[in-house]
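Asker: Before I ask anything, here is the structure I am working with.
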Amino acid sequence: MPIPLDKVKVVQEIERLEDENEPDKKRRMQQILDSNDEQLSFIHSKHRVHWHNAAEIDQDLLPYHPTVRNGNITVLPSEQSLDVALRRRYMAHWGLPEWLGDNHFLLQKHRPPANSIRECLISIASIHSETVNIWTHLIGALCISVTFILFLLDNNRQMDISDFITFSSFFISAILCLSFSTLLHIFLNYSPRIMVIVSKLDYFGINILIFGSMIPVLHYYFYCNLKLKAIYIGILLLLSIASVIGTSSAACSKPRCRPFKATLFIVLGLYGVVPTIHACIIYGMHRMIQMGFLYLCVMAVSYIFGGVMYGSRMPERFFPGKFDIIGQSHQVLHVAVLIAIYFHFYACCRLFNYVVVNEKCIEPIMLKQIVYAEPLS
Ligand SMILES: [Zn+2]
């Protein structure tokens, strides 16, 4: 259930009372809550969160500056231990400012506006609605970095410059995308201006991932046909530039532009279908399966599944408040992206192995011989 908009007036009245210093504010707030007990049960959770916050503000959320008293430096309670520092206050969705309240189905455990790099960094190690989003892509970026190094160590003897460039474009684009996503989720609540900047960075990362992922596929599909390869990569480059401009333009920074941005990513992603169909026509399905076509299918399904879950905000749409910490649609998308990246990697490995063993065209083989001065099988 989204925010009960028809109850907004009651919420506003409670907020007004919370902000004022009236002597009987507790009694009046209780009256409002009691009078609306049946249909406004959600207010209780909001009320609790606010009171909880108010209690913590006094002790834990004072400014992080030592004070000087009688010539001695006094450290405030908030600075005494990491344990205290990690017990930050969290807000219900109804208490969030508009720029942070994107998902109405996540009811509790939202970080409030921080306006502090330290607060944002500390939130990496505490439990709230963005914790899993941060860690899934942080761990993902580390895992892919390690995979990249291991892959190079294992295969460098049979790789030429073109193999190195294509695999690097894939791995580096994936690492950048996941790192930008991690930054987005860490600094999302810093301020509206920073949120716009990190959101653009996140969109830029998605564009890079799509571009970098397609490079090895196009390279190996058309390994011996430089003309086709150049045409497909050229079109990909133009589409990617258009998508970067579209998703980072100032006119498109509003939430209502989300469908437009989603459309750009879908067009860019679907572009990959064209050379794949072309390759199917050239090689036939049997050879395509040998070249790892099914891995690419699983990758596409994973991306689509994650995108649909994210776009439709499932499963939290059906159980508001049940997935505030773990299981929300954005986390499903993050995991789906990681699965898709690894299946894409397996597909590229199959393509690479197939080409190394089977393709006999002149140009790439000459490159291999120049680099290693030894013939490949
Ligand atoms: Zn994300």
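Just so you know, glycine gets a Cβ as well, placed from its N, Cα and C.
Below are the features I grabbed from TrEMBL:
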- HIS185, HIS330, HIS334: Zn(2+) binding site (BINDING)
- 134-153: transmembrane segment (TRANSMEM)
- 165-188: transmembrane segment (TRANSMEM)
- 203-223: transmembrane segment (TRANSMEM)
- 230-251: transmembrane segment (TRANSMEM)
- 263-285: transmembrane segment (TRANSMEM)
- 292-312: transmembrane segment (TRANSMEM)
- 332-356: transmembrane segment (TRANSMEM)
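Looking at the shown structure, can you explain where the listed features end up?
Answerer: In the three-state DSSP reading, HIS330 (Zn(2+) binding site) counts as helix. The number of other CB atoms found within 10 A of the CB of HIS330 (Zn(2+) binding site), across every protein chain shown, is 21.
Long-range contacts of the transmembrane segment (165-188) within the same chain, counting only residues at least 6 positions beyond its ends with a Cβ under 8 Å from a Cβ of the stretch, are 100, 111, 117, 120-121, 123-124, 130, 133-134, 137-138, 140-141, 144-145, 147-148, 151-152, 159, 194-195, 198-199, 201-202, 204-206, 208-209, 211-213, 215-216, 219-220, 334, 337-338, 341, 344-345, 348, 352.
For the transmembrane segment (230-251), same-chain residues at least 6 beyond its ends with a Cβ under 8 Å from one of its own Cβ atoms are 200, 203-204, 206-207, 210-211, 214-215, 218, 222, 257, 260-261, 264-265, 267-268, 271, 274-275.
When Cβ-Cβ distances below 8 Å are used as the criterion, the transmembrane segment (263-285) is approached by residues 206-207, 210-211, 214, 217-218, 221-222, 228, 232, 235-236, 239-240, 242-243, 246-247, 291, 293, 296, 303, 307 of the same chain, each at least six residues removed from its ends.
For the transmembrane segment (292-312), the residues of the chain that approach it from at least six positions outside its boundaries are 217, 262, 266, 269, 276, 280, 285, 329-330, 332-337, 339-341, 343-344, 346-351, 354, judged by C-beta separation under 8 angstroms.
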Asker: Give me the sequence-ordered set of same-chain residues, not including HIS185, HIS330, HIS334, with a C-beta within 8 angstroms of the centroid of the Zn(2+) site's C-beta atoms.
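Answerer: Everything else in range on the chain: GLU130, VAL132, ASN133, ILE134, THR136, HIS137, SER181, GLN331, LEU333.
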Asker: So which residues does the transmembrane segment (332-356) touch in its own chain, when a touch means Cβ under 8 Å and the partner is 6 or more beyond its ends?
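Answerer: Tertiary neighbours of the transmembrane segment (332-356) are 132-133, 136-137, 140, 143-144, 147, 151, 155, 158, 163, 166-167, 170, 174, 177-178, 181, 209, 213, 216-217, 220-221, 223, 290-293, 295-296, 298-300, 302-303, 305-307, 309-310, 314-315, 364, 376-377.
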